[in-house]
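Copied over from TrEMBL, here are the features:
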- 21-28, 34-35, Arg73, 100-103, Lys111, 127-128, 196-197: substrate binding site (BINDING)
- Glu100: active site, proton donor/acceptor (ACT_SITE)
- 141-150: compositional bias 'Basic and acidic residues' (COMPBIAS)
- His195: site 'Transition state stabilizer' (SITE)
Amino acid sequence: MTRAFAGGYNEEVSCRLVLLRHGESIWNRENLFTGWVDVDLSERGKEEALRAGERLREAGFRFDEAYTSVLKRSIRTLWIVLDALDQMWIPTVCAWQLNERHYGALQGLNKKEMARKYGEEQVLLWRRSYDVRPPQLSPDDPAHPRHDPRYSSVPAGSLPTGESLEDTLARVIPYWRGEIAPRIRAGKRLIVAAHGNSLRALVKYLDGMSEEEIVKLNIPTGIPLLYELDSELRPIGRRYLASDEEVARAAANVVAQGQAG
Ligand SMILES: O=C(O)[C@H](O)COP(=O)(O)O
């Protein structure tokens with residue numbers, strides 16, 4: 001796994017990348033499976049996004065371009081961060097491939113209630129395993145993404161009805177390779193504001209994590225994750241822009257969302 005790097009930057013590093021999970025959403029607050037449902041940030045989520053922007057500003061970060069999903073919790077997080085940096089003008093791409101994992105028929109259901117009904121182990125499998133899919137959304141369901149104009153240019157066969165992390169990775173990584181990585185190679189400093197599981201997919205790929213290791217990775221809301229990459233875009237190190245205690249506490253809160261108690 002990629003080692004953590006501490007303190008100041010190594011001048012030999014070719015490029016840096018910042019990944020950021022959106023701030024707390026209204027459905028995070030209510031502990032509901034969200035996936036592709038377009039829920040906004042809670043007030044706390046907006047504060048987390050502002051804090052992320054301030055941390056980046058205080059650490060001297062500037063960006064050339066930004067990437068986010070087509071879901072407003074990530075888009076608004078990015079806006080708040082770029083506003084804090086006074087960089088709202090930089091080119092920004094909204095890509096459906098960076099969306100949260102599609103949580104299928106679980107979307108809108110309470111995670112703790114599901115843990116009480118089906119057991120914590122089942123909920124852990126749905127939330128964190130690599131290849132277990134959630135129950136699928138019916139193609140006739142009005143919530144099917146084919147009814148949503150923002151996906152009108154996406155080939156019907158690519159629209160998910162419930163994704164495993166493996167399925168999520170199968171859309172995130174081609175997008176990384178085809179769109180994001182070339183921009184980094186061109187010398188651009190990028191921020192990617194996305195979601196817990198689309199970022200887990202990217203971290204798994206970048207860090208070469210195994211299917212067992214990825215089960216344990218919980219990405220907190222609103223804390224920038226900094227990568228140093230070599231010229232081949234292999235990670236040299238990564239760390240959160242927050243204390244270890246704060247990250248551990250926030251990650252433990254994410255874990256607890258799927259526990260019955
Ligand atoms: O879609 C969701 O419910 C959350 O954004 C991520 O959920 P998880 O932490 O349960 O995977």
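Note: Cβ is positioned from N, Cα and C throughout, glycine not excepted.
Helix, strand and coil content of the compositional bias 'Basic and acidic residues' (141-150), in residues and according to DSSP, is 5 helix, 0 strand, 5 coil. In this structure, Gly35, Glu100, Gly196 are the recorded positions from Arg21, Glu24, Gly35, Glu100, Gly196 whose C-beta falls under 6 Å of some atom of ligand 1. For the recorded site, the residue listed as 'active site, proton donor/acceptor', the DSSP three-state label reads coil. Each of the recorded positions Gly35, Glu100, Arg101, His195 was ranked by the number of other C-beta atoms within 10 Å, and first place falls to Arg101.
Under the DSSP three-state reduction, His195 (site 'Transition state stabilizer') is assigned to coil, being neither helix nor strand.
Glu24 (substrate binding site) counts 23 other C-beta atoms within 10 Å of its own C-beta, drawing on all protein chains shown.
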